[in-house]
Amino acid sequence: MSSISTCSTAEVIRLNTLEATVSTESQISEASIHEEQDSFPDGGFRAYSVVFGSFLGLVANFGTLNSMGVIQTYVATHQLTDVPTSTVSWIFSIYLALSFANCVIVGPFFDVKGATWPLIVGTIMMFGGFMAVANATTVWQFILSLSICVGIGNSLNITPLIGVLSHWFNLKRGSAIGMATMGGSIGGIIVPIMLKSLYPKFGFVWSTRILGFFCLGCMIFSIFLCRERVTRTLETREDQRHGKFKTMLGEVKEFFDFKALLDPTYAFCIAGTFAVEISLLSMLTYLASYAIAQGMDESKSYVLITIFNATGVLGRLVPGYLSDKLGYYNIMIIMLFGFTLSMFVIWLPFGHIVSALYVFASVSGFFSSSILSLTPVCLSTITPVRKFGSRYGLLYLFVSTGNLFGIPISGAIIGEGSKHQYNMFALFCCLFGILGTIGWITSRYYIVGMKLNVKV
């Protein structure tokens, strides 16, 4: 292990910090210029209580997001059984897009005002959305309740739940985010099992309401436990003259700064995440439907989602620990390679064999779960802490575009749901997995070039 040299990203961070300071020096207080001098607790009761709060919040938010395949399968075979697959897919593509697109607005708000208010509003929208989903029977009702209301609620919650961890951890950031985002996998185990047992007993209406109360309980703890450590402060006379509201609008406008895309490291990070999430979320949305098309019973198809998320617990925790030792980018690329290989070696040639689907769910669940957990960690290595929310939001503004169109395209490929069409869908996911891996490798290249034995 001693042969691996450490490539410090301090120079990269200083350059980013200097660029941000020069462009906004009339607005940002002097404290943000010296943010590299901030000390991170990297442990202690307060820091780990934030991790626990984030964990509970992500059980609700990523847990439901990781379980959308279960809801999609039920809705498509019950309420919307006569609606084409390509039409139903828009419900879930809009939901996924809104879950991340609004991060570009939530990010700046979190950077300036902290985590509490986004979490409160997000919790209310998420809970109210599920109460409305319970009574939905048509496509437009599902779009209003699930896609828009729950989706926006997710976006208000996810950014502060992830971003607040970067305020408290530096050297142990990978482990901390790995532990917190493990909540997404735990939620992905709980929600499918819960819905599988509730649907036959209580029907869709009360099953969905119970899911809403479950999410509400998790989020209440998150609101009280997740607290930011630093915020950006605006102290100019102009800010005082225009008032807080106009100041906030100015902050939001500032963070729509697409000049950040001129940094190739950041740009290829976005490109890689864009392609990989099209592959991952499309596969996860239709995995249960794919299994049914291959002859698997509907109730057993839900088990695939549970297995996928169960192995994802280790897939978040182990890479999170190793990334602190071996480098965030290095582990991210290894996990992406494993995820893409599992699709080519297991899913594509043997997907018609039911037992092989269990193997695929296990292997792909382990490798793919790090995509959501390591993306913010990798981003934090090239981003000043007070700018993390905005850079994270801008990244997912682009990624959400892929989510918006990726799932409907997948639905169009699946069409009538023949085995051949599902095989073409599997190939579609494989190709985007390759593109995403290439994007992340290119992003790493702009940090350290072709060097392999470097911690980055």
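For all residues, glycine too, the Cβ spot is worked out from N, Cα and C.
What TrEMBL records for 49-451 is domain 'Major facilitator superfamily (MFS) profile'. Taken from TrEMBL, the feature transmembrane segment covers 47-68, 88-110, 117-136, 142-164, 176-194, 206-226, 266-289, 301-319, 326-350, 356-382, 394-413, 425-447.
Contact between the transmembrane segment (47-68) and the transmembrane segment (176-194) holds: at least three of their C-beta pairs are under 8 Å, each pair 6 or more apart in sequence.
Ranked by Cβ pairs under 8 Å to the transmembrane segment (356-382), the stretches 176-194, 266-289, 301-319, 326-350 are led by 326-350. Counting Cβ pairs under 8 Å that are 6 or more residues apart, the transmembrane segment (88-110) and the transmembrane segment (142-164) reach 3 or more and are in contact. When each of 206-226, 301-319, 394-413 is checked for Cβ pairs under 8 Å to the transmembrane segment (425-447), 394-413 comes out on top.
At the 8 Å Cβ cutoff, the transmembrane segment (394-413) and the transmembrane segment (301-319) share fewer than 3 close pairs (sequence separation 6 or more) and do not count as touching.
The stretches the transmembrane segment (176-194) and the transmembrane segment (301-319) are in mutual contact, each linked to the other by at least three Cβ pairs under 8 Å (pairs 6 or more apart in sequence).
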